[in-house]
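Database features (Swiss-Prot):
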- Asn13, Gln46, Asn66, Gly76, Asn77, Asn162, Asn195, Glu213, Arg214, Gly223, Thr224: substrate binding site (BINDING)
- Cys75: active site, proton donor (ACT_SITE)
- Cys222: active site, proton acceptor (ACT_SITE)
- Tyr274: site 'Important for dimerization' (SITE)
Amino acid sequence: MLIEFTKMHGLGNDFMVIDLVTQRLELTPELITLLADRNLGIGFDQLLVVEPPMRPDVDFRYRIFNSDGSEVEQCGNGARCFARFVQARKLSFKQRIRVETKSGILTLSTDNYGWVEVDMGKPRFEPAEIPFTPKAITKIQNAYHLDVEGTPVQLYVANMGNPHAVIKVDDILTADVEKLGKAIESHPAFPERVNVGFMQVMNQRHIRLRVYERGVGETQACGTGACAAVATGIREGWLDEGEEIRAQLYGGSLLIRWSPGYSVMMTGPTAFVYEGVFSPDGIMAQAGLKPLS
């Protein structure tokens, strides 16, 4: 059995996309991890899966798996690629679709130039909603001081359908993203782990951002991370409310807009890379594992 797939990216955040509306495949953590291997598999940051909806008021079910095989609630760059993919595969002819995710409903709107606007929903900031459960909370206004391997780190928390910690830095180029990101991502205060964003405010409508993603590591771009960072910046008064904020990541820029009490709106590009097929049993056998069928 051969399964068709498409390789896509949103600002360098790369995805393997599989249509399970017209195809059938049993996805296991072992298979996903093998497919994610950039030397022996396809290679990707996340696997995006298109499935039939489980409720009548949406068009599709949108599932996301990290390269370590774990299923996650949300991926903003992936959502844009998802919208373009279902159009290209003629699974939908709508320019505006609703999809269900583990964290709720997303509305995706495409244009004719490869850009997609995503209604990311309202950000949540309460610790229980992240979830964020430090043994002792040291808080100054909206900032928390967290002990990270013996060093106090000031951070902000936000949930954009998935958990985020945001750290304001003077220069993202000198920020120790690998060491600090890894330590915070798996910190006991974040029971479901966390994505860690390092934000440099350039002016009221421009930030630079690096994100250490949960279960992946640092990526070229992170859509939900950009939304969490901009929402945090607006909440703290560093950025302009209700205006388009340019979030500049290594892979390119996203436009984020938010006013408190409303949804965060994210707009950005997508790109198709190539299409191919793979044999699930062949992938498993190559690794010395029992075939799926």
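Here, residue 1 is simply the first one shown, and the rest follow in order.
Glycine is no exception: its Cβ is also placed from the backbone N, Cα and C atoms.
Note that this is a predicted model, so its numbers are computed, not measured.
Around Arg214 (substrate binding site), the same-chain residues at least 6 positions away in sequence with a Cβ under 8 Å from its Cβ are Asn66, Val72, Asn162, Pro163, Glu185, Arg193, Val194, Asn195.
Counting every protein chain shown, the number of other Cβ atoms lying within 10 Å of the Cβ of Cys222 (active site, proton acceptor) is 35.
For Asn13 (substrate binding site), the same-chain residues 6+ apart in sequence whose C-beta sits under 8 angstroms from its C-beta are Asp45, Gln46, Asn77, Gly78, Thr219, Gln220, Ala221, Cys222, Gly223, Gly251.
Look at Cys75 (active site, proton donor): DSSP puts it in coil. Between the farthest pair of Cα atoms in the substrate binding residues (Asn13, Gln46, Asn66, Gly76, Asn77, Asn162, Asn195, Glu213, Arg214, Gly223, Thr224), the distance is 17 Å. Sequence-ordered, the extra residues of this chain that approach the substrate site, with Cβ no more than 8 Å from the Cβ center of Asn13, Gln46, Asn66, Gly76, Asn77, Asn162, Asn195, Glu213, Arg214, Gly223, Thr224, are Asp45, Ile64, Val72, Gln74, Cys75, Gly78, Val211, Val216, Thr219, Cys222, Gly225. The two recorded residues, Thr224 (substrate binding site) and Cys75 (active site, proton donor), have Cα atoms 6 Å apart. Looking at Cys75 (active site, proton donor) and Tyr274 (site 'Important for dimerization'), their Cα atoms lie 21 Å from each other.
The recorded positions examined here are Asn66, Cys75, Asn195; by Cβ neighbour count within 10 Å, the least packed of them is Asn66. Secondary structure from DSSP puts Asn195 (substrate binding site) in a beta strand. Annotation note: Thr224 (substrate binding site) sits in a helical segment as assigned by DSSP. Within 10 Å of the C-beta of Asn77 (substrate binding site) we count 35 further C-beta atoms, all protein chains included.
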